Every structure is written in C-alpha cells, then in structure tokens.
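Novice: Mind having a look at this structure? Questions to follow.
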Amino acid sequence: MACYIYQLPSWVLDDLCRNIDTLSEWDWMQFASYVITDLTQLRKIKSMERVQGVSITRELLWWWSMRQATVQQLVDLLCHLELYRAAQIVLSWKPVPESTSPLPAFPEAVKPGAVATSRRNLKDEQEKVRPVKPRSLLDTGPIMAGAQRQRPCEMDAPCSLKTDAPDSPQSKYCSTSTSAPKQERLLGLPGDRLFWSEADVVQATEDFDQSHRISEGTFADIYQGQRNGVAFAFKKLREVAGSSPGSMDRFLQAEMQLCLRCCHANVLPLLGFCTGRQFHSLIYPYMANGSLHDRLWAQGNSDMLPWPQRASICSGLLLAVEHLHSLDIIHSNVKSANVLLDQHLNPKLAHPVAHPHPDNKKTKYTVMRTHLFQASAAYLPEHFIRVGQLTKQVDIFSCGIVLAEVLTGIPAMDKDRSPVYLKDLLLSEIPNSTSSVCSRKTSMGKAVVKEICQRHVEKRAGLLPEACEEAWATAVSVCLRRRNASVEEARVSLAGVEEQLRGQLSLPWSRVSEATGSSSNTPEETDDVDNSSLSVPSLVMMASCPGAASSPLFTGHGAAQPSTSGRQEADSSSEACTGPQTPQNATETSWKIEINEAKRRLMENIVLYKEERLDSSELFGP
C-alpha cells in the first residue's frame, strides 16, 4: 500500500480509531510512542481525551499523516505491536481503481485509451441525435437518464425523494414533504416552460454578457437575464479544474434533484434548466435584494438591516436547513452569501453542492474533496476540514457562523484580522471562561453566550434588548457545540427573539432601552437567583404571551417588579404575560424561599445532564 494515511476513507479511519481507542492506556501509549517521539506533543494529544467528542487516536493519526506517513508504515507498526485486529481493518480496505481493467494494466489506464475515446465519441453522437427537448426531462421520475442509476431505491429513499408523490391541487403553498412539490408537478404539465433551449438562454442573457454577471463561484457563474419582462437569475455551470469527467452533469443532477424534491418557502425554487451541447444552466427567480452577505455590510448602497428583520432572516434560514435535514439532505454550502433575499427580504437558501443522498450507504455520509471548498472554509467545522466526513453537523455549524455574523456584524473571514476566521475568534473565547472549579462544570454554550454578549454584539443596527442578546447568542452556541448540536433548539431560541422584536416594530429604536428595562448602570435590588439561571424555553413562552410585546422578556424581582404575595416565584411566568404590577405596595414585606447556591448549581447541572450536555463525571466530579 503506497498511499498515505490521509487518503484512507473516513469509514476506515472511524473503525480504526474506535478500535485503538479501546486499548488500555499502556497499549495506547506504546503505540503512540512509536508515532511521536516528542513527549511534549504526545502529552498534548493525550490531554485531548478530556474534551468531549474528541478521539485522541484520530488526532494522533492526523499529526502523523501531516508528516507524509504511509498506510504501509501504519500496518507494519500495528503488526509489530501485535495489534492484528486494527491491522485487519486497514488491510480489509483496498483502493478501487477508476478503471475496470485488471491491476497489471493500471499504468496503461493512466492515459486515455481507445475504449475511453470510443465511449466519449459515442456519447457525443448521442448528444447530436438527441432531440432539443428530451422527453425524459419531462417525467416526474428521474430528472435525467443518469440520475436513475445514482439515486437510491424506493425503499431507501425518503418520502420526498420517491417518484410517486400524491397530487394536491388544492394546496397553493408547499412547505412540507407530504405534498407534491410545485416544480415537480410542473414537469408533468403539457406545454410547460421548465425546459429552456440554448437559444432562449443566450437571448435572455445576451450571450452571457459580462455586464449581466452577478457573481462568480467555484462551480458556476451567476448572470441576470430577462424574458417576457420577467427577471431571472441564470446559473451557468462550469467544469472545475482537477475534477473527474462528467462532474458537471452529476452536479446538475444533484442540484436539480434537491430543488425539485424540496419545496419550501425558504429554499430557492427552480424555474428552469438548460442541458445543451455548449453549456448547462439552471434558472432561478431573480432576488432583488441580493444576498444576506451584501446587506450585512451595506454593499451596493443598501440600508442597514434592523434587528427585527435580521431575526426574521435567521429564523427562515434555520427553517430551511431543518426542512432539508428532515428529508436526509445535506446542503453543505450554508453561508451568508448563499442566503438570498427577495423583494420583501424573505430569505431563500440557495446553491447546494452536495448530493441529495450519501454516496456511501454503509456509513451514511459522503466523502468530499475539501480543496474544492476552500472558499467556504470559514463556515466549516475543523472536523470536516480534517476528515472530510459530511454530516448534518456541517450544516448546523455553518448556520451558527451565519447567526454569529448577523449578531456581531463581523465577517466570517477577514484576512486583515487575527484570527482570520470568525469561528476561531468565537471558539478562542471559551478557555477564558474555564479558569475556576465552578466554571469547569459550566457548559461550552454558556461560555460562548457570555463572551458574545459582552464583546461582540453589533452596535450599528441599534440597541438590542439584553434578553434577546442572550437568546441569540445561545442559538449560536447551540450550533457551534461539538456534541448534540441542534438546529431545532437554535430555531426555538430565535423564535422568542423574533416574537419579542416584532412587537417592538412600532417603537423607535432609540426608545428600546426604555421598553426593555433599566440600564445596566442603574442600581437594582435583586434576590439570589440571577437572570442567567432562566432557560431559553422560558423566553419563548413569555415572548408568545399577549403582554410580552410591551414588557421585558425577563421580569425582575426587584423594585421595578415588587412582589405582593409569597407565590411570586411560582407565578413568575404568568407575571411576564400580564405585565408589570403597580408599585403602590412596594414597601410590603416579600416572603421568598432562598435556595442554597451549591444546591441551585447542582439543579442546573442535573438539567444539563438530562439534556445530554453534561457527562456524569462532570456532574459528580470535584
């Protein structure tokens, strides 16, 4: 085996790391000492086992692979240490050559032979004979002839990817996977206009004139065009340097499957396509307000987005990703530049780059070439960049970076900044909040929330209520955490923010501080339970109450919110919905139960343990 360790498939590395991680500490250190002779570096990698979700064997192999270690060296070391089970995992994998010829003929297969040339010639002849409007593109089954060979069987496919979709003529708005997508129904209509000829596309874009080009990407260029007085956006696909033959066709099939099978209010719909001999193109509606990236930094003389509009856009993004994940579809290209805004500033998630189903059904993820996504590295987790394992976690992490961009006003990547990536700036704040013994039991999410609220919240868009800041930052931390990241939990956090800000649309932003409570510099009488102990679901519940539009999200227990009975803590949620009480009885004695600080901290940790955000060792540890 002459290949390097970093060329091993992800499923092989997963099985190998799980096997070696189960070794005793003595056996593992013996294996690692042959790989790393520097004891300082070895101890650094060994200390990573305390971090949740980190495989120290994978970190060790990653360090070794960066030194050009080969698979043969790894197998020899495993056999020398008599770790035959781990060696068998590597030996059971055999690189599959791209050519179907026997192994001795592999050197000849490097050059294009007569067989490959004849196949290409046959394919060109078929393209010439093919009619201008092929009937296979008008069926509701496979989108192209090659798509039938790639898509999974009907038993394995999700409901939205199956061919037989129920007709629902009465439904005028498609947002779930139970009804037939609108674009998919259009394919079966006689005389539909979904298929565009090359002449139509050339005429609409004036032969892809440079003055019509909107943006330039890795896989395609976007042009603006017009047909019958209607503006369209044309995505002209192109071959990527170093890609395999036919990659453009596979990319076209994948994006068409995703757009046609997923009909959602926050996913950019497909209006047409063109599969000609000169170029391949996808046609979408033209988004008048550009992308979220442009509006965040006021590019193109656009106005600054206010907080209510920002919350609505982020909620729409999370709804789109949650819908795709419910269909087992991974977008893998979530970033602010791909969140397009229509004339009403409604978000539309666009430009997916992944296949609508995993290529490897055994491991349930797709191995992708990371060098094709270097431009999007600012939105990708470090684990994906290293290993190449594409899961739903990648989309959720990218959503967290977009939410952080909107909240902080800091670009995801800035070459003139240190660190360059916003994700490194946020994650670097976590160790600063883990210095004391008590804070070691605090989850990573709370540390991120505190740092974001104190240092990085955007000020140019106006004042944001403190409770909204915490809920928004909580949504960011939920997406960025390595274990149990949940797009649904982040959406619930933002739902409360959106509901609260929507009720304040009639108020000038200069008066928001008056409507949301006293200033942080004003002395305030409080009890021993601070606002940080309140959970995010309580924010959502209070924001949905009728009186929450004009009252603070978190009702205080001090002079501004005096108590008139001994059941104040039990009825705190109802007080938030009914509004503040009159201060006429503020001098009366307030009977309240004082909770021991250690007991309160234990109760909070038990809640985190039930949510699987805290290990038992951290719950009952020192």
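Yeah, the Cβs are placed from backbone N, Cα and C, and that goes for glycine too.
From Swiss-Prot, for reference:
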type     : residues                                                                           : note
BINDING  : I214, S215, E216, G217, T218, F219, A220, D221, I222, K235, K335, S336, A337, N338 : ATP binding site
COMPBIAS : 513-523                                                                            : compositional bias 'Polar residues'
COMPBIAS : 561-590                                                                            : compositional bias 'Polar residues'
DOMAIN   : 13-94                                                                              : domain 'Death'
DOMAIN   : 208-473                                                                            : domain 'Protein kinase'
REGION   : 511-532                                                                            : region 'Disordered'
REGION   : 553-591                                                                            : region 'Disordered'
Novice: I need the most crowded of these binding-site residues: I214, T218, K335. Count other C-beta atoms within 10 angstroms of each C-beta and give me the top one.
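Specialist: Selected residue: K335.
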Novice: Fewest other C-beta atoms within 10 angstroms of its own C-beta: which of the binding-site residues A220, A337 fits that?
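Specialist: Selected from the binding-site residues A220, A337 on minimum Cβ neighbours within 10 Å: A337.
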Novice: Neighbour count, 10 Å Cβ-Cβ cut-off, for I222 (ATP binding site): what number do you get?
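Specialist: 19, counting other Cβ atoms within 10 Å of I222 (ATP binding site).
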Novice: I'd like the Cβ neighbour count for E216 (ATP binding site), meaning other Cβ atoms within 10 Å of its Cβ, all protein chains included.
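Specialist: Result for E216 (ATP binding site): 9 neighbouring Cβ atoms inside 10 Å.
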Novice: Give the three-state DSSP assignment (helix, strand or coil) for E216 (ATP binding site).
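Specialist: Once the DSSP labels are grouped into three classes, E216 (ATP binding site) ends up as strand.
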